[in-house]
(Lines of atoms letter the chains of each structure in order from A and count residues from 1; the text may use other names and numbers.)
(Lines give C-alpha, C1' and ligand atoms only; values in the text may rest on other atoms or scores of the structure.)
Protein backbone atom coordinates (compact mmCIF):
# COMPACT_ATOMS: atom_id res chain seq x y z
CA UNK A 1 0.00 0.00 0.00
CA UNK A 2 0.98 3.62 -0.56
CA UNK A 3 2.58 5.31 2.46
CA UNK A 4 0.21 6.90 4.97
CA UNK A 5 0.04 10.70 4.88
CA UNK A 6 2.23 12.23 7.64
CA UNK A 7 0.05 13.57 10.49
CA UNK A 8 2.33 16.62 11.11
CA UNK A 9 1.55 16.49 14.82
CA UNK A 10 -0.20 14.21 17.33
CA UNK A 11 2.10 11.31 18.18
CA UNK A 12 4.67 12.97 15.91
CA UNK A 13 5.58 15.36 18.75
CA UNK A 14 6.55 12.37 20.93
CA UNK A 15 8.62 11.01 18.02
CA UNK A 16 10.24 14.47 17.71
CA UNK A 17 11.18 14.46 21.40
CA UNK A 18 12.71 10.98 21.01
CA UNK A 19 14.70 12.21 18.00
CA UNK A 20 15.83 15.28 20.03
CA UNK A 21 17.22 13.01 22.81
CA UNK A 22 18.95 10.62 20.38
CA UNK A 23 20.50 13.44 18.32
CA UNK A 24 21.78 14.91 21.59
CA UNK A 25 23.40 11.65 22.69
CA UNK A 26 24.81 10.86 19.21
CA UNK A 27 26.62 14.16 18.66
CA UNK A 28 27.37 15.22 22.26
CA UNK A 29 28.45 11.92 23.82
CA UNK A 30 31.77 11.49 21.91
CA UNK A 31 32.76 15.04 22.98
CA UNK A 32 31.48 14.69 26.58
CA UNK A 33 33.63 11.56 27.14
CA UNK A 34 36.75 13.78 26.82
CA UNK A 35 36.11 14.93 30.45
CA UNK A 36 37.46 11.55 31.63
CA UNK A 37 40.62 11.58 29.50
CA UNK A 38 43.07 12.87 32.16
CA UNK A 39 42.06 10.14 34.63
CA UNK A 40 42.30 7.49 31.90
CA UNK A 41 45.79 8.72 30.99
CA UNK A 42 46.89 8.34 34.65
CA UNK A 43 45.33 4.87 35.14
CA UNK A 44 46.45 3.31 31.85
CA UNK A 45 49.77 5.25 31.50
CA UNK A 46 48.99 6.45 27.96
CA UNK A 47 49.20 9.78 26.12
CA UNK A 48 46.41 12.18 25.13
CA UNK A 49 46.41 11.01 21.50
CA UNK A 50 45.79 7.41 22.66
CA UNK A 51 42.76 8.38 24.76
CA UNK A 52 41.45 10.73 22.03
CA UNK A 53 40.99 7.63 19.84
CA UNK A 54 37.95 6.68 21.99
CA UNK A 55 36.00 9.72 20.70
CA UNK A 56 37.37 9.23 17.17
CA UNK A 57 36.23 5.58 17.07
CA UNK A 58 32.76 6.59 18.35
CA UNK A 59 32.41 9.19 15.57
CA UNK A 60 33.83 6.78 12.96
CA UNK A 61 31.19 4.20 13.96
CA UNK A 62 28.44 6.86 13.85
CA UNK A 63 29.36 7.91 10.31
CA UNK A 64 30.99 4.78 8.85
CA UNK A 65 28.23 2.27 9.69
CA UNK A 66 25.63 4.28 7.73
CA UNK A 67 24.95 1.63 5.04
CA UNK A 68 24.74 -1.15 7.69
CA UNK A 69 22.06 0.87 9.55
CA UNK A 70 20.18 1.48 6.29
CA UNK A 71 20.16 -2.25 5.47
CA UNK A 72 18.90 -3.13 8.97
CA UNK A 73 16.15 -0.46 8.85
CA UNK A 74 14.98 -1.61 5.40
CA UNK A 75 14.94 -5.23 6.60
CA UNK A 76 13.53 -5.00 10.14
CA UNK A 77 12.05 -1.49 10.53
CA UNK A 78 13.09 1.45 12.72
CA UNK A 79 11.80 0.43 16.16
CA UNK A 80 13.58 -2.98 16.56
CA UNK A 81 16.86 -1.52 15.26
CA UNK A 82 16.66 1.37 17.74
CA UNK A 83 15.94 -0.95 20.69
CA UNK A 84 18.98 -3.09 19.82
CA UNK A 85 21.05 0.09 19.36
CA UNK A 86 20.06 1.41 22.80
CA UNK A 87 21.09 -1.87 24.45
CA UNK A 88 24.42 -1.93 22.59
CA UNK A 89 25.23 1.72 23.47
CA UNK A 90 24.44 1.15 27.15
CA UNK A 91 26.26 -2.20 27.43
CA UNK A 92 29.35 -0.64 25.76
CA UNK A 93 29.72 2.00 28.50
CA UNK A 94 28.89 -0.46 31.32
CA UNK A 95 31.53 -2.94 30.07
CA UNK A 96 33.99 -0.03 29.66
CA UNK A 97 33.77 0.62 33.42
CA UNK A 98 35.36 -2.82 34.04
CA UNK A 99 38.20 -2.54 31.48
CA UNK A 100 41.86 -2.97 32.43
CA UNK A 101 43.63 -1.51 29.35
CA UNK A 102 43.12 1.05 26.60
CA UNK A 103 42.48 -1.57 23.85
CA UNK A 104 39.47 -2.89 25.79
CA UNK A 105 38.20 0.70 26.05
CA UNK A 106 38.44 1.09 22.27
CA UNK A 107 36.33 -2.05 21.78
CA UNK A 108 33.70 -1.26 24.44
CA UNK A 109 33.28 2.54 24.72
CA UNK A 110 34.47 3.08 21.13
CA UNK A 111 33.09 0.31 18.92
CA UNK A 112 30.07 -1.01 20.92
CA UNK A 113 28.75 2.37 22.12
CA UNK A 114 29.47 4.01 18.75
CA UNK A 115 27.60 1.27 16.87
CA UNK A 116 24.68 1.48 19.32
CA UNK A 117 24.35 5.25 18.83
CA UNK A 118 24.57 4.83 15.04
CA UNK A 119 21.70 2.29 15.15
CA UNK A 120 19.63 4.89 17.01
CA UNK A 121 20.55 8.05 15.13
CA UNK A 122 19.63 7.09 11.57
CA UNK A 123 16.25 5.41 12.27
CA UNK A 124 15.16 8.35 14.45
CA UNK A 125 15.68 10.75 11.52
CA UNK A 126 13.83 8.38 9.17
CA UNK A 127 10.84 8.22 11.57
CA UNK A 128 10.84 12.02 11.86
CA UNK A 129 10.55 12.22 8.06
CA UNK A 130 7.55 9.84 8.04
CA UNK A 131 5.64 11.75 10.77
CA UNK A 132 6.23 15.29 9.43
CA UNK A 133 5.77 16.84 6.01
CA UNK A 134 4.49 20.45 6.16
CA UNK A 135 6.20 21.09 9.51
CA UNK A 136 9.28 19.01 8.68
CA UNK A 137 11.81 21.91 8.52
CA UNK A 138 10.74 23.03 12.01
CA UNK A 139 10.83 19.41 13.27
CA UNK A 140 14.37 18.94 11.90
CA UNK A 141 15.49 22.20 13.50
CA UNK A 142 14.07 21.24 16.91
CA UNK A 143 15.57 17.72 16.73
CA UNK A 144 18.98 19.15 15.75
CA UNK A 145 18.88 21.41 18.84
CA UNK A 146 19.43 18.26 20.92
CA UNK A 147 23.14 18.35 20.03
CA UNK A 148 24.06 21.70 21.72
CA UNK A 149 21.59 21.16 24.61
CA UNK A 150 23.10 17.78 25.52
CA UNK A 151 26.67 18.98 24.99
CA UNK A 152 26.15 21.85 27.45
CA UNK A 153 24.65 19.44 30.04
CA UNK A 154 26.60 16.17 29.57
CA UNK A 155 30.08 17.74 30.00
CA UNK A 156 29.35 19.34 33.43
CA UNK A 157 27.49 16.16 34.50
CA UNK A 158 30.52 14.06 33.51
CA UNK A 159 32.76 16.33 35.60
CA UNK A 160 30.51 15.90 38.67
CA UNK A 161 30.38 12.11 38.23
CA UNK A 162 34.17 11.98 37.83
CA UNK A 163 34.72 13.87 41.10
CA UNK A 164 32.20 11.81 43.10
CA UNK A 165 32.54 8.27 41.67
CA UNK A 166 35.74 8.26 39.59
CA UNK A 167 35.86 7.43 35.88
CA UNK A 168 34.61 3.85 36.39
CA UNK A 169 31.51 4.99 38.30
CA UNK A 170 30.98 7.78 35.76
CA UNK A 171 31.07 5.31 32.84
CA UNK A 172 28.62 3.02 34.66
CA UNK A 173 26.10 5.86 35.25
CA UNK A 174 26.57 7.15 31.68
CA UNK A 175 25.75 3.62 30.48
CA UNK A 176 22.54 3.75 32.49
CA UNK A 177 21.66 7.11 30.93
CA UNK A 178 22.10 5.62 27.45
CA UNK A 179 19.28 3.14 28.21
CA UNK A 180 16.98 6.12 27.55
CA UNK A 181 17.70 5.42 23.87
CA UNK A 182 15.61 2.23 24.26
CA UNK A 183 12.69 4.34 25.57
CA UNK A 184 13.06 6.67 22.58
CA UNK A 185 13.10 3.63 20.28
CA UNK A 186 9.94 2.22 21.89
CA UNK A 187 7.92 5.37 21.08
CA UNK A 188 8.85 5.21 17.37
CA UNK A 189 5.74 3.32 16.33
CA UNK A 190 5.21 2.99 12.55
CA UNK A 191 2.26 4.82 11.00
CA UNK A 192 -0.83 2.56 10.89
CA UNK A 193 -1.34 0.93 7.49
CA UNK A 194 -4.36 -1.11 8.62
CA UNK A 195 -6.76 1.85 8.68
CA UNK A 196 -5.81 2.76 5.13
CA UNK A 197 -6.50 -0.78 3.87
CA UNK A 198 -9.92 -0.92 5.61
CA UNK A 199 -10.95 2.40 4.08
CA UNK A 200 -9.88 1.21 0.60
CA UNK A 201 -11.94 -2.02 0.96
CA UNK A 202 -15.02 -0.13 2.12
CA UNK A 203 -14.67 2.30 -0.79
CA UNK A 204 -14.35 -0.55 -3.35
CA UNK A 205 -17.53 -2.22 -2.03
CA UNK A 206 -19.42 1.07 -2.06
CA UNK A 207 -18.36 1.75 -5.67
CA UNK A 208 -19.45 -1.76 -6.75
CA UNK A 209 -22.90 -1.32 -5.14
CA UNK A 210 -23.32 2.08 -6.76
CA UNK A 211 -22.51 0.64 -10.19
CA UNK A 212 -24.69 -2.52 -9.79
CA UNK A 213 -27.62 -1.71 -7.49
CA UNK A 214 -29.70 -4.88 -8.26
CA UNK A 215 -29.41 -7.45 -5.39
CA UNK A 216 -27.52 -10.51 -6.62
CA UNK A 217 -25.64 -8.63 -9.33
CA UNK A 218 -24.16 -6.26 -6.77
CA UNK A 219 -22.75 -9.26 -4.88
CA UNK A 220 -21.33 -10.60 -8.15
CA UNK A 221 -19.78 -7.19 -8.80
CA UNK A 222 -18.16 -7.16 -5.36
CA UNK A 223 -16.83 -10.70 -5.79
CA UNK A 224 -15.42 -9.90 -9.23
CA UNK A 225 -13.66 -6.78 -7.92
CA UNK A 226 -12.20 -8.90 -5.11
CA UNK A 227 -11.07 -11.55 -7.61
CA UNK A 228 -9.44 -9.02 -9.92
CA UNK A 229 -7.65 -7.42 -6.94
CA UNK A 230 -6.40 -10.86 -5.79
CA UNK A 231 -5.24 -11.67 -9.32
CA UNK A 232 -3.35 -8.36 -9.52
CA UNK A 233 -1.73 -9.02 -6.13
CA UNK A 234 -0.73 -12.53 -7.25
CA UNK A 235 0.91 -11.09 -10.37
CA UNK A 236 2.74 -8.43 -8.40
CA UNK A 237 4.02 -10.75 -5.63
CA UNK A 238 6.92 -12.36 -7.55
CA UNK A 239 8.26 -8.90 -8.46
CA UNK A 240 8.33 -7.79 -4.83
CA UNK A 241 11.60 -7.96 -2.94
CA UNK A 242 12.85 -5.43 -0.45
CA UNK A 243 15.97 -3.61 -1.53
CA UNK A 244 18.38 -3.73 1.38
CA UNK A 245 20.25 -0.68 0.07
CA UNK A 246 18.82 1.39 -2.77
CA UNK A 247 21.71 2.45 -5.02
CA UNK A 248 19.28 3.93 -7.59
CA UNK A 249 19.53 7.25 -5.68
CA UNK A 250 22.89 7.76 -7.41
CA UNK A 251 20.90 8.39 -10.60
CA UNK A 252 19.42 11.44 -8.84
CA UNK A 253 21.55 14.46 -9.83
CA UNK A 254 20.41 16.41 -6.77
CA UNK A 255 21.70 13.65 -4.47
CA UNK A 256 25.13 13.59 -6.16
CA UNK A 257 25.42 17.40 -5.93
CA UNK A 258 24.45 17.28 -2.24
CA UNK A 259 26.93 14.46 -1.47
CA UNK A 260 29.90 16.21 -3.12
CA UNK A 261 29.17 19.55 -1.41
CA UNK A 262 28.71 17.80 1.97
CA UNK A 263 32.05 16.01 1.61
CA UNK A 264 33.88 19.30 0.93
CA UNK A 265 31.95 20.96 3.80
CA UNK A 266 32.89 18.33 6.42
CA UNK A 267 36.61 18.70 5.53
CA UNK A 268 36.57 22.20 7.04
CA UNK A 269 33.43 22.50 9.21
CA UNK A 270 34.71 20.82 12.40
CA UNK A 271 38.25 22.25 12.29
CA UNK A 272 37.65 25.72 13.93
CA UNK A 273 35.77 24.45 17.06
CA UNK A 274 38.42 21.74 17.59
CA UNK A 275 41.35 24.20 17.37
CA UNK A 276 39.60 27.21 18.95
CA UNK A 277 40.64 26.62 22.60
CA UNK A 278 44.32 26.09 21.73
CA UNK A 279 44.22 29.08 19.38
CA UNK A 280 42.85 31.27 22.19
CA UNK A 281 45.51 30.01 24.65
CA UNK A 282 48.28 30.79 22.16
CA UNK A 283 47.04 34.39 21.87
CA UNK A 284 47.38 34.78 25.67
CA UNK A 285 43.80 34.06 26.82
CA UNK A 286 43.56 32.31 30.26
CA UNK A 287 42.49 28.63 30.30
CA UNK A 288 39.02 29.14 31.87
CA UNK A 289 38.13 31.99 29.47
CA UNK A 290 39.39 29.95 26.50
CA UNK A 291 37.15 27.01 27.47
CA UNK A 292 34.18 29.41 27.84
CA UNK A 293 34.40 30.21 24.10
CA UNK A 294 32.97 26.76 23.27
CA UNK A 295 30.09 27.40 25.71
CA UNK A 296 29.25 30.59 23.78
CA UNK A 297 29.06 28.60 20.51
CA UNK A 298 26.86 25.98 22.19
CA UNK A 299 24.48 28.55 23.74
CA UNK A 300 23.98 30.42 20.43
CA UNK A 301 23.60 27.08 18.61
CA UNK A 302 20.66 26.05 20.87
CA UNK A 303 18.54 28.96 19.60
CA UNK A 304 19.91 29.10 16.03
CA UNK A 305 18.73 25.61 15.02
CA UNK A 306 14.99 25.87 15.84
CA UNK A 307 14.90 29.47 14.50
CA UNK A 308 16.45 28.35 11.20
CA UNK A 309 13.96 25.45 11.04
CA UNK A 310 11.07 27.92 11.36
CA UNK A 311 12.50 30.13 8.58
CA UNK A 312 13.03 27.09 6.31
CA UNK A 313 9.37 26.10 6.83
CA UNK A 314 8.01 29.39 5.41
CA UNK A 315 6.02 28.94 2.16
CA UNK A 316 8.26 31.17 0.03
CA UNK A 317 11.52 29.78 1.50
CA UNK A 318 10.85 26.02 1.49
CA UNK A 319 11.03 25.46 -2.30
CA UNK A 320 14.48 27.11 -2.23
CA UNK A 321 15.82 25.39 0.92
CA UNK A 322 18.98 24.23 -0.93
CA UNK A 323 19.93 27.90 -1.49
CA UNK A 324 19.30 28.68 2.19
CA UNK A 325 21.62 25.78 3.08
CA UNK A 326 24.32 27.09 0.72
CA UNK A 327 23.92 30.56 2.30
CA UNK A 328 24.41 29.01 5.78
CA UNK A 329 27.61 27.31 4.58
CA UNK A 330 28.86 30.52 2.93
CA UNK A 331 28.16 32.44 6.17
CA UNK A 332 30.09 29.82 8.16
CA UNK A 333 33.07 29.82 5.80
CA UNK A 334 33.36 33.62 5.70
CA UNK A 335 33.18 33.69 9.54
CA UNK A 336 36.22 31.35 9.66
CA UNK A 337 38.17 33.46 7.15
CA UNK A 338 37.37 36.77 8.90
CA UNK A 339 38.32 35.37 12.33
CA UNK A 340 41.74 34.13 11.23
CA UNK A 341 43.34 37.44 12.25
CA UNK A 342 41.50 37.78 15.60
CA UNK A 343 44.23 38.65 18.09
CA UNK A 344 42.29 39.41 21.30
CA UNK A 345 39.52 37.88 23.42
CA UNK A 346 36.81 40.31 22.19
CA UNK A 347 37.51 39.33 18.59
CA UNK A 348 37.26 35.63 19.46
CA UNK A 349 33.93 36.16 21.30
CA UNK A 350 32.49 37.94 18.22
CA UNK A 351 33.72 35.02 16.07
CA UNK A 352 32.02 32.53 18.43
CA UNK A 353 28.66 34.37 18.20
CA UNK A 354 28.66 34.38 14.38
CA UNK A 355 30.09 30.85 14.18
CA UNK A 356 27.35 29.61 16.56
CA UNK A 357 24.62 31.13 14.35
CA UNK A 358 26.04 29.77 11.08
CA UNK A 359 26.93 26.36 12.59
CA UNK A 360 23.38 26.05 13.96
CA UNK A 361 21.91 26.91 10.54
CA UNK A 362 24.03 24.22 8.86
CA UNK A 363 23.04 21.66 11.53
CA UNK A 364 19.32 22.45 11.20
CA UNK A 365 19.22 22.28 7.39
CA UNK A 366 21.57 19.43 6.43
CA UNK A 367 19.04 16.56 6.74
CA UNK A 368 16.05 18.69 5.69
CA UNK A 369 17.75 19.36 2.32
CA UNK A 370 18.51 15.64 1.88
CA UNK A 371 14.86 14.70 2.66
CA UNK A 372 13.66 17.31 0.15
CA UNK A 373 15.97 15.89 -2.56
CA UNK A 374 15.36 12.12 -2.23
CA UNK A 375 11.94 11.96 -0.48
CA UNK A 376 10.96 9.95 2.60
CA UNK A 377 10.82 6.59 0.73
CA UNK A 378 14.52 6.59 -0.25
CA UNK A 379 15.79 8.59 2.74
CA UNK A 380 16.84 5.48 4.71
CA UNK A 381 19.30 4.44 1.98
CA UNK A 382 20.38 8.01 1.16
CA UNK A 383 21.38 8.97 4.71
CA UNK A 384 23.39 5.76 5.15
CA UNK A 385 25.42 6.37 2.00
CA UNK A 386 25.92 10.09 2.78
CA UNK A 387 27.17 9.33 6.31
CA UNK A 388 29.64 6.76 4.93
CA UNK A 389 31.07 9.33 2.48
CA UNK A 390 31.21 11.92 5.30
CA UNK A 391 33.16 9.43 7.46
CA UNK A 392 36.13 9.72 5.07
CA UNK A 393 36.01 13.52 5.27
CA UNK A 394 35.84 13.40 9.10
CA UNK A 395 38.92 11.17 9.15
CA UNK A 396 40.82 13.44 6.71
CA UNK A 397 39.83 16.98 7.84
CA UNK A 398 40.57 17.53 11.57
CA UNK A 399 43.67 15.22 11.78
CA UNK A 400 45.31 16.88 8.75
CA UNK A 401 44.56 20.32 10.25
CA UNK A 402 46.27 19.22 13.49
CA UNK A 403 49.35 18.09 11.56
CA UNK A 404 49.50 21.41 9.70
CA UNK A 405 49.39 23.30 13.02
CA UNK A 406 52.30 21.18 14.31
CA UNK A 407 54.29 21.80 11.14
CA UNK A 408 53.56 25.52 10.58
CA UNK A 409 52.93 26.68 14.20
CA UNK A 410 50.40 29.07 12.67
CA UNK A 411 46.62 28.97 13.22
CA UNK A 412 45.81 31.70 10.67
CA UNK A 413 46.60 29.45 7.69
CA UNK A 414 44.39 26.65 9.12
CA UNK A 415 41.42 29.00 9.62
CA UNK A 416 41.85 30.36 6.07
CA UNK A 417 42.05 26.81 4.68
CA UNK A 418 39.01 25.52 6.63
CA UNK A 419 36.96 28.63 5.73
CA UNK A 420 37.82 28.37 2.03
CA UNK A 421 36.74 24.68 1.97
CA UNK A 422 33.36 25.58 3.49
CA UNK A 423 32.92 28.52 1.06
CA UNK A 424 33.81 26.23 -1.87
CA UNK A 425 31.13 23.71 -0.79
CA UNK A 426 28.55 26.53 -0.56
CA UNK A 427 29.35 27.90 -4.02
CA UNK A 428 29.35 24.41 -5.54
CA UNK A 429 25.93 23.56 -4.07
CA UNK A 430 24.32 26.84 -5.15
CA UNK A 431 25.78 26.87 -8.69
CA UNK A 432 25.23 23.17 -9.36
CA UNK A 433 21.63 23.34 -8.07
CA UNK A 434 20.90 26.34 -10.30
CA UNK A 435 22.66 25.03 -13.44
CA UNK A 436 21.89 21.29 -13.27
CA UNK A 437 18.51 21.12 -11.51
CA UNK A 438 16.58 24.36 -12.00
CA UNK A 439 17.48 24.77 -15.68
CA UNK A 440 16.60 21.13 -16.27
CA UNK A 441 13.15 21.70 -14.76
CA UNK A 442 12.55 24.71 -17.02
CA UNK A 443 13.47 22.76 -20.16
CA UNK A 444 11.28 19.71 -19.37
CA UNK A 445 7.85 21.36 -19.97
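Note that Cβ sites are derived from N, Cα and C of the backbone, with glycine treated the same way.
According to TrEMBL, the features are:
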type	residues	note
DOMAIN	12-437	domain 'Major facilitator superfamily (MFS) profile'
TRANSMEM	12-33	transmembrane segment
TRANSMEM	53-73	transmembrane segment
TRANSMEM	80-99	transmembrane segment
TRANSMEM	105-126	transmembrane segment
TRANSMEM	170-191	transmembrane segment
REGION	218-237	region 'Disordered'
TRANSMEM	255-280	transmembrane segment
TRANSMEM	292-314	transmembrane segment
TRANSMEM	321-342	transmembrane segment
TRANSMEM	348-367	transmembrane segment
TRANSMEM	379-401	transmembrane segment
TRANSMEM	413-437	transmembrane segment
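Here the transmembrane segment (321-342) has long-range neighbours at 137, 254, 258, 261, 265, 268-269, 272, 283, 308, 311-312, 348, 350-351, 354-355, 357-359, 361-362, 365-366, 368-369, 372-373, 411-412, 415-416, 418-427, 429-430, 433, meaning same-chain residues at least 6 beyond its ends whose C-beta is under 8 angstroms from one of its own. By the Cβ criterion (distance under 8 Å, sequence gap of 6 or more), the transmembrane segment (348-367) is counted as touching the transmembrane segment (255-280), at least 3 such pairs being found. Taking pairs at least six residues apart, the transmembrane segment (292-314) and the transmembrane segment (379-401) share fewer than three Cβ pairs below 8 Å and do not count as touching. Taking every recorded stretch in 12-33, 53-73, 170-191, 413-437 and counting its Cβ pairs under 8 Å to the transmembrane segment (379-401), the highest total belongs to 53-73. Three or more CB pairs closer than 8 A are found between the transmembrane segment (170-191) and the transmembrane segment (105-126), so contact between the two stretches is assigned (pairs 6 or more residues apart). Two recorded stretches are said to be in contact when at least 3 C-beta pairs lie under 8 angstroms, sequence spacing 6 or more; the transmembrane segment (105-126) and the transmembrane segment (12-33) meet this definition. Outside the transmembrane segment (255-280), and at least 6 residues removed from its termini, the chain residues within Cβ reach (under 8 Å) are 249, 289-291, 293-294, 297, 322, 326, 329, 332-333, 336, 339, 345, 348, 352, 355, 359, 362, 366, 369-370, 373-374, 382, 385-386, 389-390, 392-394, 396-398, 401-402, 405, 411, 414-415, 417-422, 424-426, 428-429, 432-433, 436-437. Sequence-distant contacts of the transmembrane segment (53-73) (same chain, at least 6 residues past either end, Cβ-Cβ under 8 Å): 26, 29-31, 33-34, 40, 81, 105-106, 109-111, 113-115, 117-119, 121-123, 126, 244-245, 380-381, 383-388, 390-391, 394-395.
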